[in-house]
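The structure appears right after this line, and notes come after that.
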């Protein structure tokens, strides 16, 4: 011990470089590697290596501090020697140090590059030799027990501990191997008395051994529990093997027998029966509590809950069918006639095979309720599958059984809900199908909607063919924007909007009665006159269907309930008339009557088709000084912009016939605007209206306020046919217009237009632009004669001569 002390004999108050340590306390006689990364600590090590100095290894109080102050460093550390130093590529330094003797810092030196401190070596107080001997033996014995419980310490450490004779070194070496917190290790380092240090080490080990023994008991208990579980599993497997030899248990036998009985009673196809029996056989060989058994049981439940060849009796009374359709829906005569034709053919052929009916029309015209009426009139069970926003193919075809929580697709789920194999299956909003990386559900529907293929529809979950050939499929859509192969499998039945008379009749027959009941009104408490009903339709709704109208009637009913309750008198009732309609319905939302109040130059009323029915389209044109440019505004699409260009070119080509001087185009700009500016517009059918506005603004002849028009134009002045004629004519009638110009080629479509619409409008077929202008302008255009001005040849100066030669003058 004296020799060890003489090695570190340095004058008291010597100056040492100090690298603050984090998460480690270095004890005397301890060799430990350190990784130094902070700049101050690296510079301290460089200073040590210059003169082969000693280093003071002191721990900082808070390891989280990157830039500690002297106050953040413990005052007692260990003077050590640097045995090895290695600079790493990332700038950090790996250093191997050996602890020497305890030292107490007296004062930190002023050094900005790194910490330096004056420190005095701490002399150990040895104490009585016999007591130290006893404490040493007790510590070694306790350490042996500690090593047995703490597997992290290698057994070789015990050999080196047994060879230590010095009590102080023994205490420090054992302390360095204990799993203690930094403050506890620092207490041991600061303890100068050897006997006290040994006692503290012994006490720390005593506490740690107690904790380790509890940990060991917990580990043993968990191990025993696991062994017990494994043993139970092994015995269960043996029990299953014995049960397989002797026969199933009562519960298992009852479940299997019940499933087998259901399978035998169900009218499966041969493939489905074989599959169900194979799954039942698999279920019998499984543990009832296993996860796989639950999957098989769910599969069999689905197989047994789907209707297999379980038909309901289809009604063939077509008179009853017509009566039901007429009772549920007013108007829609062409649609109902087409449905009845389809039903007649099905009854005659006694099978469903044929085109899939698809009802296409704006919202609120009764497409979904028509599907319900068809089911009611044929006696089929009704099931509806909403396809709006469906993006995953598995929604239609189902998920494979390998996935957790898998189940059949919506088609098979719908068949389970229908409880018969020949329901009416309504595929609602089929045009709203989406597609993404999970697949295209519209492609999955191709098999469902093909009469030649749907007899063997294969759901991914069932994995067997299911016959959908007896199902009557009806689709609904707002537009025909759907994949062509899907569209090819359908027969489109157009459901156009309702006329004003039809809306009045629908309100009287269905909507008023429904809302009176829904709002708790009694019979005789609420009444609305026909004139008030017409005003409600004209000034408060602007739609093809009747949804907004129903909301307005519901609003009137609520106001009536409030008024009756406020009066509080028995027999109070509310009558809505044209005079008091504003009181209950509020301010008028729409204008009804002519699109324009007077004949205006450059303002033409066009007709547009939208998903919610027809709309009036006001097309405005103005002429202003410029260089012959044409500007378009109103959020027009490419096709509509091209219509403006075609109209401009045609007007330029026939300028004199329209009474327009050709030179006018070089001096004037034309601005065409289609309000409302925020609404996107596209399509070629506004071509005739564009030409009319441009001719009107260049000639100064006003356009008739009571004329609306629709049609595509060509550069030769022909008017081409358009689509959505019924919706456009209904919009003109709603707008109070008297005359409508339509393409001559659309004259054949007038057969499908209701008589009251044809009576309310003067429909004028036109085939050329001249016909359009003749009816649209307040007076006819007057042609003018125009001669192109003769081109003036540039004068060429004669060359001047000077004497006999020619001279060029510059």
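Every residue, even glycine, has its Cβ placed from backbone N, Cα and C.
According to Swiss-Prot, the feature domain 'Lon N-terminal' maps to 16-209. Confidence in the domain 'Lon N-terminal' (16-209), given as mean pLDDT, stands at 82.
The ATP binding site annotation in Swiss-Prot covers 361, 362, 363, 364, 365, 366, 367, 368. In the three-state DSSP assignment, the secondary structure recorded for residue 364 (ATP binding site) is coil.
Residues or ranges marked as domain 'Lon proteolytic' by Swiss-Prot: 598-779.
Positions annotated as active site by Swiss-Prot, on the basis of sequence analysis: 685 (among others). Over all protein chains present, the Cβ of residue 685 (active site) has 27 other Cβ atoms lying within 10 Å.
Under the heading active site, Swiss-Prot lists 728 (among others). With a 10 A radius on its CB, residue 728 (active site) counts 27 other CB atoms from all the protein chains.
Take the binding-site residues 361, 362, 363, 364: by the count of other Cβ atoms within 10 Å of each Cβ, the lowest one is 363. Distance noted between the C-alpha atoms of residue 728 (active site) and residue 685 (active site) is 11 Å.
There are 24 other Cβ atoms within 10 Å of the Cβ belonging to residue 366 (ATP binding site). Around the Cβ of residue 365 (ATP binding site), a 10 Å sphere holds 26 further Cβ atoms from the protein chains shown. Ranked by how many other Cβ atoms sit within 10 Å of their Cβ, the binding-site residues 367, 368 place 368 at the bottom.
For the recorded site, residue 685 (active site), the DSSP three-state label reads coil.
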